[in-house]
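Annotated in TrEMBL:
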TRANSMEM  21-39  transmembrane segment
TRANSMEM  45-67  transmembrane segment
TRANSMEM  74-93  transmembrane segment
TRANSMEM  113-131  transmembrane segment
TRANSMEM  143-168  transmembrane segment
TRANSMEM  174-194  transmembrane segment
TRANSMEM  206-229  transmembrane segment
TRANSMEM  235-258  transmembrane segment
Amino acid sequence: KCAHLRLACETEPKPYYTSKLWWCGITLLGLGEVGNFTAYGFAPIALVAPLGCVSVIGSAFISVLFLKTMRAADILGGTLTATGTYLLVTFTPNVPQELTARQVQNYLVSWPFLAYSILEIIIFCILLYFYKRKAVKHIMVLLMMVALLASLTVIAVKAVASMITLSVKGKMQLTYPVFYIMIVLMAISCAFQVKFLNQATHLYKVTAVVPINFVFFTTSAIFSGVVFYREFQSAALLSVFMFLFGCLLSFLGVFVIARNKKEEHLQIPFIDCGHIPGQKLTGKIQPDSHSSCYGTLNNEDDSVKSQS
């Protein structure tokens, strides 16, 4: 963001990919996603998915350093999110994380996952019908489709990360066909997620898309972890309650941070057309849309009145 704002303020704007600052940001973003992918091999989905709220806190505080913007809502939202994060880490179910290829195969053909998959496919097809045939592009429809795809993505990501981790430790898992099936599932679901999420950000404000997508994605990811990997199978009722309370605090924190947050835009009050032959320079070239002379140039009398 900082790189885009700097380039836009230059007299001769250059493409963003020529900026060293932009490449630095993209590199850091890529390293963060690699770390996020690796985390699925060592921790439950129920913990990794909600911790995405840490990136929202980081973005809010980094914006203070680079964009010089600070709000009381950022402090309140950061406090709520940090408290929720503490509860998430403390009360996440302790389940074995070393998943072999045979275990993943057994999970794929289990009845809970088959029923869950059928229900997901039906809901996704209904939403896709309204999206394609009825041209319904409401933010909820788009982000619900993203969330449904995200549940498959996190299942595949955890399976792939776990099998790679075991293979690095000496227990080869990359020779099983299920490993490559999961890679294909991960790539396809990610590609369609990007498609629908990109359209949502194009049609709606980012300040609306980010919190809603975070809530939908996290809820879908946790539910998929419960159904596929049975992460809360032996958890105590109090731990489940405190975990859900931590999720709620994280959701509230993200909404508070994103609420009423204005995006940076260049302030261009009118279009500078230069000197117009045969016309005297007036106070403004672009007329006011609410005035009676909209679409015409102000005459000399109007310009004198406006200046007075």
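Cβ atoms here come from the backbone N, Cα and C positions, even for glycine.
Here the transmembrane segment (143-168) has Cβ contacts under 8 Å with residues 37-42, 45, 49, 97-101, 104, 120, 123-124, 127-128, 131, 174, 176, 178-179, 182-183, 185-186, 189-190, 192-193, 196-197, 200, 209, 212-213, 216-217, 219-221, 223-225, 228-229 of the same chain, all six or more residues outside its ends.
Only pairs six or more apart in sequence are counted, and the transmembrane segment (74-93) with the transmembrane segment (235-258) gives three or more Cβ pairs under 8 Å, enough to call it a contact. Sequence-remote contacts of a segment are chain residues at least 6 beyond its ends whose Cβ falls under 8 Å from one of its Cβ atoms, and for the transmembrane segment (206-229) they are 44-46, 48-50, 52-53, 56, 95, 99, 107, 112-113, 116, 139-140, 143-144, 146-148, 150-152, 154-155, 158, 197, 200, 247, 250-251, 254-255, 258-261, 263. The transmembrane segment (235-258) shares the most Cβ pairs under 8 Å with 45-67, out of the stretches 21-39, 45-67, 174-194. Long-range contacts of the transmembrane segment (113-131) within its own chain (CB-CB distance under 8 A, at least 6 residues past either end) are made by residues 107, 137, 141-142, 144-145, 148-149, 151-152, 224, 227-228.
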